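What follows is a single structure, written as structure tokens, with notes after it.
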């Protein structure tokens, strides 16, 4: 089987991760003790991708939980699904990273890294044919960003040919809980550009917008936000976990979505999004899903795809849907919105259909877009970074842990390069002149 080892780092990563396991356990018919209670063969057919079967017919997630302070771990352990995880797979320190990337990457995190890697090795050795790793973390804090990127580079060193995919919660323009987010985020992106294969960018502000605007929630909690993220994670991984007509795996996804190695930062979306009670009052068609999926209001990163162009995109449908219908919709959306797709990659939407819909729905779709408008996100962080770095504000916290100003400058210029690469491909046109000159002779 094509197994995936899941690693969740820091407070944000552990909360998103816990929700993800709750959602997919539900889909696979695994209860809070890891016992299978489902009644469909397809639930169990590819369950090995994410679960390990142990004695007594129990299923244990291939998950490694890492944090530099015990708080979040304790609440995961005390939650409904806390008994699901293998107790040895909780790796935690006592000191915390205090929102400091340098602590997570160089000092506190480095002390814990070996014990985390040991468990990751153990999990990987139990796989028949390891497909890759997925990391859930945030880029604004200290542990998820600093130690998360350290783990990614260590895993990369040991497993260079396996896929590395991350669900990264990026700092949002209006919702900020840490003053030093721009530093932590820039230093992390510097790492992710080099060491990750696929980065799904999620940001809290876009999630809040969806909660207010679409789900009509008055006071959304982090629980509601995590629910949205887990819906996307479940949708993206659906065709890895269930038999379907058009399957996809992490590598196929990367091959279809990454036209140039550094440009692997994706926007994600999910459809149908409706307020909790209104689901049963509407019938969805593939057309509705497609419209909603490509709508900027459904994007979980605060970037508007209309300001850029899609290099590539992927649509993962779930439910009893004919592949023909999906193909027709994809062609139609490309024709209708042709100015939002680059013309030098024809047929740039990959689609996949998985027969099993999420619980309580007839059909759903997850969307992944590689759009040049993601540069807005990097630009925003870059501007905030510059404003503080010019005055060397808060820098002593980082240099005190042994960091060098050079590292900041490097990370900043790497991010600026990334922005200009996206811009360059956004402006690139089909080169017709090359052919026209030949007529002269």
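Every residue, even glycine, has its Cβ placed from backbone N, Cα and C.
Some features that Swiss-Prot has for this protein:
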BINDING   11, 69, 138, 142, 143, 144, 204, 226  GTP binding site
BINDING   69  Mg(2+) binding site
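This view paints the features noted in Swiss-Prot onto the structure.
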{"residue": "11", "record": "GTP binding site", "Cβ neighbours (10 Å)": "24"}
{"residue": "69", "record": "GTP binding site", "Cβ neighbours (10 Å)": "19"}
{"residue": "138", "record": "GTP binding site", "Cβ neighbours (10 Å)": "31"}
{"residue": "142", "record": "GTP binding site", "Cβ neighbours (10 Å)": "29"}
{"residue": "143", "record": "GTP binding site", "Cβ neighbours (10 Å)": "34"}
{"residue": "144", "record": "GTP binding site", "Cβ neighbours (10 Å)": "32"}
{"residue": "204", "record": "GTP binding site", "Cβ neighbours (10 Å)": "25"}
{"residue": "226", "record": "GTP binding site", "Cβ neighbours (10 Å)": "22"}
Greatest Cα separation in angstrom, residues 11, 69, 138, 142, 143, 144, 204, 226 binding GTP per the record, works out to 23
